[in-house]
Amino acid sequence: MTGANGRYHNDHATSHDIEKDMGLNPDESSHSSSSEEHYEPPTLSNDHSKTLATTSDLEKVQSRRSAKSRISLKTSAPTTSVNDATAIPDGGLQAWLQVLGSFLLFVNHWGIINTFGVYQTYYMNTLLPDYSPAAISWIGSVQSFLLGFVGPLMGPIYDAGYFRPLIMVGSFGVVSGHMMLSLCTQFWQVFLAQALCVGLGAGCLFVPSVAILSTYFSKRLALATGISAAGSSCGGTIYPIAVYHLIPMVGFAWATRIIGFIALATLVVANLVMKVRVLPSEKRKVLDLPSLKEAPYMLFIAGAFMAFMGLYAGMVYIESFALAKNILDPNLAFYSLAVINGASSFGRIIPNYIADKTGPLNIIIPATFVSGIIALCLIVVKDVAPLFIVCVLYGFFSGALVSLPPTVFVSLSLHKRHMIGTRMGMGFFFISIGLLLGTPVSGWILDASDYTYVWTFGGTMLIVASLLMFAGRTAKLRGLKPLAKA
């Protein structure tokens, strides 16, 4: 029992037990207390009085220790379970601090990955001009792939209680990767530092940044996840602008180091404020194989795989497209990526707020479909105004697509809440394969033809993805009686 009444009950019970241990009848003790002014104590010798006083003090100390022992045993027992949705606070200072910490983690995993478009252009034009766009795109695609590839490992490790080591190792990987990147001049060096080191660090940060929110929020989980996921838009907006302006001022090496220092400062805050509330009591498996037989789960994964395969065609090549088609001059072209990421921040919060009311699948499906239509619109863009309109709309709707999968995985795992980390990790493992293949395939298409077919590829993949997600939603609803929100 908790609260003031609970404390009174425990204190009263403890006092009752102490009186029993001392050989007193509690009722008699109360009576003697009430008639204390009429009681005449017997006269005792000084020595005998001291002995009784000492004995009484010892009994009091022992009684207090016994009482504390009984109380500590009660409070040390677990009072909540990860499967008990009614115990989830769904708000409060500690819960919103987790949102802040998760936001900062998103700044430094998806936010950094969303920044690669500006690096792609810089590598193509300056640092690695002898390499094709497809070859350079492997750096960003492997970085994205590793973020999801380590998911099957990070999910069970998180569930096993290693949240703190995960975010510490991930923070070290992201920061040290940028410091090493500042020294790179060759393709293989850039690949090791940016693709492998930063990618693995981001992978360690990702699952903890989303899984922890489901233990603090229930009804407002999608909103909390959306606010956190807006960190990737924040990072994807601030980091490219910083890189673009810093390189002419201090050079590529120091520009990259400054990005590393920004990451260090924000990750320190995240490490300080984030705290695990409750963890499953059972051991977790690396894989939950029965989940692979669940139609809603697998259809959504198939749709998300195709969506992420087509999504980053627009984000990675939009800047080089604006330059190649003479739509924007070099001083404005890089802002196209910043506009996409800036609009994406609204697309991660507003649709997520609505998703709390309607269900995440009911939002992510139309958002994915509209993203595909907008990607196809890039085929006919030839002027500044239409380009920025497309960037704003693409950023907004793709923001919902990028931010809602964790919430969808939670909604598809309510019957296995204790396996959320594992199932989310498995899902993002498959999604990461789409991330790995998407930009190189777009690069190969660009090498063989032009941007028209790049946008056709990206838009088609997104539209097909929305159809697969819709099939998953239908399968989920048919399995529920009565029908509930998806």
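If you go along the chain as it appears here, the first residue is 1 and each next one adds 1.
Each Cβ is built from the backbone N, Cα and C atoms, and glycine gets one as well.
Automatic, uncurated: that is what TrEMBL annotation is.
According to TrEMBL, the features are:
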- 1-75: region 'Disordered' (REGION)
- 43-56: compositional bias 'Polar residues' (COMPBIAS)
- 99-119: transmembrane segment (TRANSMEM)
- 131-150: transmembrane segment (TRANSMEM)
- 162-181: transmembrane segment (TRANSMEM)
- 187-214: transmembrane segment (TRANSMEM)
- 221-242: transmembrane segment (TRANSMEM)
- 254-274: transmembrane segment (TRANSMEM)
- 295-318: transmembrane segment (TRANSMEM)
- 298-486: domain 'Major facilitator superfamily (MFS) profile' (DOMAIN)
- 363-381: transmembrane segment (TRANSMEM)
- 387-414: transmembrane segment (TRANSMEM)
- 426-446: transmembrane segment (TRANSMEM)
- 452-471: transmembrane segment (TRANSMEM)
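Residues of the same chain lying 6 or more positions beyond the ends of the transmembrane segment (187-214) and with a Cβ under 8 Å from any Cβ of it are 98-99, 101-102, 105-106, 108-110, 112-113, 119, 123, 127-128, 131, 135, 138-140, 142-151, 154-155, 158-159, 163, 166-167, 169-178, 180-181, 221, 224-225, 228, 274, 276-277, 406, 410, 417, 420-421, 424-425, 428. Model confidence over the domain 'Major facilitator superfamily (MFS) profile' (298-486) stands at 87, taken as the mean pLDDT rounded to a whole number. Under 8 Å from some Cβ of the transmembrane segment (99-119) lie the Cβ atoms of residues 139-140, 143-144, 147, 167, 170-171, 174, 194, 198, 201-203, 205-206, 208-210, 212-213, 224, 227-236, 238-240, 243-244, 263, 266-267, 269-271, 273-274, 315-319, 334, 337, 341, 344, 402, all in the same chain and six or more residues away from its ends. With pairs at least 6 apart in sequence, the transmembrane segment (387-414) and the transmembrane segment (221-242) have 3 or more Cβ pairs within the 8 Å limit; the two touch. Remote same-chain partners of the transmembrane segment (162-181), defined as residues 6 or more beyond its termini with a Cβ less than 8 Å from a stretch Cβ, comprise 105, 108-109, 112, 154, 189-190, 192-194, 196-198, 200-205, 207-208, 212, 256-257, 259-260, 263-264, 267-268, 270-271, 274, 276. Contact between the transmembrane segment (452-471) and the transmembrane segment (254-274) is not supported, since fewer than 3 Cβ pairs fall under 8 Å when only residues 6 or more apart in sequence are counted. Counting C-beta pairs under 8 angstroms (sequence separation of 6 or more), the transmembrane segment (131-150) reaches the transmembrane segment (295-318) with 3 or more such pairs. Using a Cβ-Cβ cut-off under 8 Å and counting only residues 6 or more beyond its ends in the same chain, the transmembrane segment (295-318) has close neighbours at 114, 116-117, 120, 133, 137, 140-141, 144, 336-337, 340, 361, 368, 371-372, 375, 378, 391, 394, 398, 401-402, 405, 408, 412-413, 423, 427, 430-431, 433-435, 437-439, 441-442, 446, 451, 454-455, 457-462, 464-469, 471-473, 475-476, 479.
Beyond the transmembrane segment (387-414), the same-chain residues lying 6 or more positions past its ends with a Cβ under 8 Å from any Cβ of the stretch are 110, 210-211, 213-214, 221-222, 225-226, 229-230, 232-233, 294, 296-297, 300, 304, 307, 311, 314-315, 318, 322, 327-328, 336, 339-348, 351-352, 355, 359-361, 363-364, 367-368, 370-371, 374-375, 377-378, 381, 420, 423-424, 427-428, 431, 462, 476, 486.
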